[in-house]
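Data first, discussion second: the structure below is written as structure tokens.
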Amino acid sequence: MAGFREECGVVGVVGDKEAANLIYLSLYALQHRGQEAAGIVTLNKEGSFSGHKAFGLVGDGFNKDILDKLEGKVGIGHNRYSTAGGKMVQNIQPFSFNTAIGSLAIAHNGNLTNASQLRKDLEKSGSIFQSTSDTEIFMHLLARSNEESILERIIEVMKVVKGAYSLLLLTKDRLFALRDPFGFRPLVLGRRGEAVVVVSETCALDLIDAEFEREIAPGEVVEIHNDGSVKSYFPVESSRKAFCSFEPIYFARPDSQIFNEEIYELRKKMGAILARESHVDADVVIAVPDSGVPMALGYGNQTGLPMELGLVRNHYVGRTFIEPSQSIRDFGVKLKLNPVMSCLKDKRVIVVDDSLVRGTTSVKILRMIRQAGAREIHMRLGSPPITHSCYFGVDTPERSQLLAAQRDVEEMRDFIGADSLGFLSIEGLKEALGAANSHNYCYGCFNGDYPEDTGREIEPQPTDDRGPGLRSGI
Ligand code: SF4
């Protein structure tokens, strides 16, 4: 139940006459990566793009009539959660443009760290931007390049942009799938019969009965022709990999396989290590659903304690419920979660969640558990304390609002109202990710050690002033 917000999900299909429907279904599977808006662009027989974009969930923005109009065997789709740029219709992807080298459509998951400088430079030399999204920078750079071929233009742009991008670029006769040299965000390649499919996570391949083929590697460009032939290029050096460690902790679906890991198994391992590092005597383990569930299972297995469904989640809460004019305490959290009294009454309860961001949701959850009769509450987090913001495609609060950037563990325990508080250590997280692989991850939001220049000054730590977020309990 992290307060971090994902990013985006992308889908590309080449060579299936049901392309629009397959993209639509895949976007459903990737809905957790972005709920603000969704869009699909397909390439029709005449060689031009058809598209539809809408605010809201995939199921709200598309219907049969719309999908029927999205003809063609090739297309791309995008689920958006805005990390860069505001909430405006122009920012809904895929973007499509007409350029001197033909029509292009683009769908991007990530964040460019040098976007503001690039944008300033482009504007100074005459570019007019339609959106506030950093993704549009790709388009301008591609359109203005003097290179002959689209592939050479892509390579030139990859040498200029910095930050995180798992990106799909559709042309009249090819789909390109690109991943930044650090590989922050996942991108996987699959096959569905003769068709080639590219998606953010394997759970989308499962839904459309596509076979997982492989991950697109950091720094790789995959060129998929409309006839289904695939070529691969590695045009930019990758000094190191930096997979986002928050993907396996929270963002990715537990039934996905990304970064060559089974996410469900990885989360159980994190829970088991968390138990080894910080267990206290208790009667029962419960999870904050949904993301804390595999970690709580791992915790329970490690300690031999029973795991109970102490909190039940209402899965039907839309994003559009109307707040009552009279303020009702904890209304938002109560709408989503309800405690099961028989699991909690008179028990010493270990509550496992994936992470602690501002801490304000935990305050409300723990208060509910206490009101349900728990005798003791021991909060355990399956990730290290989050002390820094992310600049690589994840919407994080400023440092002044990150609880762990402002308080030590004892102060955090007091703030959330727990009897004890424990976090998975960075060493424990690395152990879960495996000795052979852990150096391939980014841990920037846990230790401030970012794999590349973030393009921003690191915010100074407040001293006496603990920051507006904490004082006001936002
Ligand atoms: Fe992921 Fe944190 Fe690195 Fe951002 S800073 S890419 S959220 S690990």
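From the backbone N, Cα and C atoms, a Cβ is placed for every residue, glycine too.
Note that the coordinates shown come from a computational prediction; the quantities given were computed from them, not determined experimentally.
As annotated by TrEMBL, domain 'Glutamine amidotransferase type-2' applies to 8-227.
DSSP assigns Cys8 (active site, nucleophile) to a strand. Per TrEMBL, the feature active site, nucleophile maps to Cys8.
In the three-state DSSP scheme, Cys390 ([4Fe-4S] cluster binding site) falls into the coil class. Per TrEMBL, the feature [4Fe-4S] cluster binding site maps to Cys244, Cys390, Cys442, Cys445.
Feature annotation from TrEMBL assigns Mg(2+) binding site to Ser291, Asp353, Asp354. In three-state terms derived from DSSP, Asp354 (Mg(2+) binding site) belongs to neither a helical nor a strand segment and is classed as coil.
TrEMBL lists 453-474 with the feature region 'Disordered'.
For 453-468, the entry in TrEMBL reads compositional bias 'Basic and acidic residues'.
Distance between Cα atoms for Cys445 ([4Fe-4S] cluster binding site) and Asp354 (Mg(2+) binding site): 14 Å, as a whole number. Spatially, by CA atoms, the recorded positions Cys8, Asp353, Asp354 include one closest to Cys390 ([4Fe-4S] cluster binding site), and that is Cys8. Of all Cβ atoms in the protein chains displayed, 29 besides its own lie within 10 Å of the Cβ of Cys244 ([4Fe-4S] cluster binding site). With respect to Asp354 (Mg(2+) binding site), the closest of these recorded positions in Cα terms is Cys244, chosen from Cys8, Cys244, Cys442. Listed binding-site residues: Cys244, Asp354, Cys390. Those with a CB atom under 6 Å from ligand 1: Cys244, Cys390. Spacing of Cys442 ([4Fe-4S] cluster binding site) relative to Cys8 (active site, nucleophile) is 18 Å (Cα to Cα, whole number).
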